[in-house]
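Undergrad: Straight from TrEMBL, here's the annotation block:
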type	residues	note
DOMAIN	33-99	domain 'Mur ligase N-terminal catalytic'
DOMAIN	116-310	domain 'Mur ligase central'
BINDING	118, 119, 120, 121, 122, 123, 124	ATP binding site
DOMAIN	340-475	domain 'Mur ligase C-terminal'
């Protein structure tokens with residue numbers, strides 16, 4: 001965080017000191033947190049009143065951990081800490097982040113904000129881009145998938161005097177959300193990855209989703225650069241609203257655009273572990289062979305998007321390829337591969353359980369099917385699939401179709417997992433299982449309500465199948481990430 005006094009904080013958020021509170025307005029704030037457990041000496045604790053947890057109940061805990069002040073919507077008695085009262089804690093957090101970035105931009109050293117949006121791939125692209133840009137200068141990027149009106153400001157508040165790059169994920173469930181995020185962190189470079197059907201139930205139509213994603217382009221700074229997926233027609237049309245230079249990436253169509261800059265992938269294959277191998281090419285005719293250290297053909301597009309920005313920042317293709325080849329660890333629960341062993345049960349786990357929509361479900365299934373696909377003896381492939389949320393009226397058909405896709409792709413076993421006592425999630429799991437049964441042996445399809453039941457089935461299968469690969473994929477609410485955590489505690 002940039003150096004900021006409590007006086008400057010109050011001015012930034014249009015707040016005032018709590019009546020009767022003792023405050024040294026010259027006290028310096030060195031970080032901002034919304035979790036009292038993360039507070040330390042010099043922290044500003046922002047008390048957010050959430051649906052289930054009210055941060056105002058933890059002001060005293062933040063003080064005990066070293067926080068010097070708290071942003072609150074109402075005074076907290078006997079908290080033992082200076083308090084700044086604001087009308088809305090979330091809005092104040094955004095205003096504070098704006099002020100922090102404004103101060104950084106006013107510094108002498110160059111500073112660049114890269115915004116990323118898309119229905120799928122944001123977090124992996126962020127991880128790859130951070131790995132690339134970190135070789136050029138100090139790079140701040142969100143932990144996990146901090147991409148909303150709380151997560152993005154918290155990330156922006158990590159920017160300090162020495163920060164060269166801020167990589168900002170921008171997600172949305174409704175129109176206008178990304179536009180709002182761009183007012184907090186106006187991007188110099190905007191990446192649009194894909195327009196899919198994630199959150200279709202909230203948006204109402206794919207065209208509304210495209211409109212929402214285009215808000216990041218409209219939010220660019222005046223001389224900003226737009227980085228677009230040439231293989232997605234809805235994304236490609238965003239060139240019409242780009243304020244300046246457009247850079248393209250893709251597999252099929254990047255080279256078809258008449259432009260000064262593109263990167264593309266050619267000569268694509270997958271190794272036995274599902275790692276993409278391809279030739280990275282540019283409009284300059286330069287080529288470099290790349291073997292990604294992460295699993296899944298779909299990650300080629302994420303790598304191309306990250307490579308596009310790295311080239312804009314002057315990184316040669318040879319350097320880009322070397323970094324992409326070296327990245328093996330990305331954010332948790334995203335196509336993470338491990339070997340699980342307990343007693344006589346041993347299997348390979350592909351953990352993609354962070355979240356799910358129809359596009360990412362298919363990509364995850366494809367990744368599982370590529371595992372040792374060229375071997376004479378194929379592993380037993382088990383797809384453990386949870387529900388996909390926010391799909392609106394299409395949710396029954398979407399789950400049925402994913403079940404069919406898993407079966408037709410060649411999964412040996414499909415386990416559809418519901419949500420315990422949640423009848424909605426359980427119904428969606430049944431829809432998925434019903435779809436799978438139309439295209440494969442019904443005895444190889446299981447439908448269960450809980451992760452414990454899924455755990456038992458996988459362990460039983462592991463006792464009779466020496467070579468087995470298991471995919472975990474579902475929306476966060478399905479709880480499959482907890483199953484991944486449990487299994488990874490038994491890693492070989």
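Glycine is no exception: its Cβ is also placed from the backbone N, Cα and C atoms.
Curation plays no part in TrEMBL annotations; they are all automatic predictions.
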Undergrad: Which residues in the same chain, at least 6 apart in sequence, have a Cβ under 8 Å from the Cβ of residue 124 (ATP binding site)?
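TA: Expected: 294, 299, 302, 330, 331, 334, 335.
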Undergrad: Centre the Cβ atoms of 118, 119, 120, 121, 122, 123, 124, go out 8 Å, and tell me which other residues of that chain have a Cβ in range of the ATP site.
TA: 116, 125, 193, 194, 302, 360
Undergrad: With DSSP helix as H/G/I and strand as E/B, how many residues of the domain 'Mur ligase N-terminal catalytic' (33-99) fall in helix, strand and coil?
TA: 24 helix, 15 strand, 28 coil
Undergrad: Which three-state DSSP class does residue 122 (ATP binding site) fall into?
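TA: Where residue 122 (ATP binding site) sits, the three-state DSSP reduction gives helix.
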Undergrad: Average the pLDDT scores across the domain 'Mur ligase N-terminal catalytic' (33-99) and report the rounded value.
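TA: When the pLDDT values over the domain 'Mur ligase N-terminal catalytic' (33-99) are averaged, the result is 95.
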Undergrad: Summarise the domain 'Mur ligase C-terminal' (340-475) by DSSP state, stating how many residues are helix, strand and coil.
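TA: Per-class counts: 62 helix, 34 strand, 40 coil.
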Undergrad: Taking the Cβ of residue 121 (ATP binding site) as the centre, count every other Cβ atom within 10 Å, in any protein chain shown.
TA: 26
Undergrad: Across all the protein chains here, work out how many other Cβ atoms are within 10 Å of the Cβ of residue 118 (ATP binding site).
TA: 26
